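Colleague: So TrEMBL has the following annotated:
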- 1-17: signal peptide (SIGNAL)
- 150-220: coiled coil (COILED)
- 214-249: domain 'EF-hand' (DOMAIN)
- 308-336: compositional bias 'Acidic residues' (COMPBIAS)
- 365-399: coiled coil (COILED)
- 415-516: domain 'MRH' (DOMAIN)
Amino acid sequence: MTCVHLLLTLVFAVSLGTPVEIQGPRGVPLTKKQFYVENKPFTCLDGSRTIPFDRVNDDYCDCKDGSDEPGTAACPNGSFHCTNAGYRTMFIPSSRINDGICDCCDTTDEYNSGAKCENTCKELGRKEREVLQKMTEITKEGFLLKQHLIEEAKKGHQEKQIKVTDMQENKKQLDEKVEVLRTVKETAEQPEKEAKERHLKAWEEQKAAIRLEKDKAKMAEAFLELDDNADGFVSVSELQSHAELDADADGTLTETEAQGLMGGAEQVDMSTFESVWPNIKDKYHSESQPEEPAPVETPPDEVKEPVVDNDSEPYPEDDISEEEDEDDEDEDDYHEDDDKAPPTIKTPEKSHEDEDAMPPYDADTQALIDAAQKARDDFEEAEKALREMDDQIRNIEKELSFDFGPDAEFTYLYSQCYELTTGEYIYRLCPFNRVSQKPKYGGSETNLGTWGSWSGPENNKYLLMKYEHGTGCWQGPNRSTTVKLTCGKETVVTSTSEPSRCEYLMEFTTPAVCQEPANTDLSPHDHVEL
């Protein structure tokens, strides 16, 4: 029986029973009445001495434990018992007897002080009974919900076990399918690889042949350009006309340098020029494709500044119109050049790209590629399905491994999150996962701890949850949170606090901790004393 149930039983018993007149010394509880018998010597409760009974409550402390003065303030270590009929009995220090302050709701502690005390026991008992009655109703409803949660948890646990068993059987079949498809894929990829390599090799050879032909054509063109007198020979002097071939970069191609490029010969014919061409082709500029000079643009500000300058004299209208006409002509020329430029610039690039682009695969090679790609797609799809199944099995097994309470009553909290918004923060509790804190008006989330273990007392460890290893505090420990679970009809976070630096306390109500209420039906004449 919980403390709440015991307390409710006692309060009901006291309030419903007929108050019993206790015959005996003032301040003595009913449970010790047998030690205080009038006209018989009194033995101190600690056994230290025996005194005549008329020295009990004589306002002089005879016993070391103060037991001879239960109704006076004579003994500093004495205690006074408040009967408080209709409410809870209680003990107060004897120093509070007749101190002018009403401590007992039945006013018995102020019997000789002159204080005006009012007996409030009946009203206090009524209020407490209302609170406890409400708590009992909540406990009853919560316990009924708990029974439902237990049934659902058992049913869900069985379903998940069956599901895992089925999935493990299906996984075996899927494993076999993946291996079969892996073999199919590897078998299809081998001829694909060989066909692609043949195609690439043929294309590389073709490109090499094309480059060689182009180089020969460029060489023949260069020979004709260099042979100024068209005598069928390129001489040293003719080669000197191309200063870009200068070896020492002094801007002049000397006779010695030109002769060196020509292998020491004074002149070479077409067949011999083939050995000279490799020496000059990287620097040689064809005369048929002269370099375009870098465009020189007149800064527009230099022309337009006088027009907008308020301090200068305005130009005559005729001059302005002529200038505008010239500007218009320039702009027209500029746009005409723009219209013509794209074909001359883009055509070589497009041609170059086309030349470097590998031609399409032939029909047989493409068929091998398509077959290999289909095999890859089938394999990847099966492998993905296998990974997903592994994840599902792992997640279900992880859930089944959690300690969800003696009857799995906490199972419903798994994969759920509950929030509490305060003035500054939004607190989020995800049972068996983590606790976090986020600023209400924007900012990053702070981890207040991840699931650790149940950490309640030995008689019921399921009253506290411990979340550990959260975000570290500045020059302090990692944050942690203790979640205190109490009985309630609803599942909700009711409060949060930080009792110690970086150590948080969260109050959480759930029907999963509600215990079966005790039977509080008592005889109206029963009297129970705490």
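The backbone N, Cα and C atoms fix where each Cβ goes, glycine too.
For the listed features, I'd like the structural context: burial, neighbours, distances.
Modeller: Across the domain 'EF-hand' (214-249), the DSSP tally of helix, strand and coil residues reads 20 helix, 2 strand, 14 coil.
Beyond the ends of the coiled coil (365-399), by six or more residues, the same chain brings 160, 163-164, 167-168, 170-171, 174-175, 177-178, 181-182, 184-185, 187-189, 191-192, 195-196, 198-199, 414-415 to within a C-beta distance below 8 angstroms of the stretch.
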Colleague: Provide the three-state DSSP residue tally for the domain 'MRH' (415-516): helix first, then strand, then coil.
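Modeller: Final tally across the stretch: 6 helix, 57 strand, 39 coil.
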Colleague: Determine the mean pLDDT over the coiled coil (365-399), rounding to the nearest whole number.
Modeller: 94
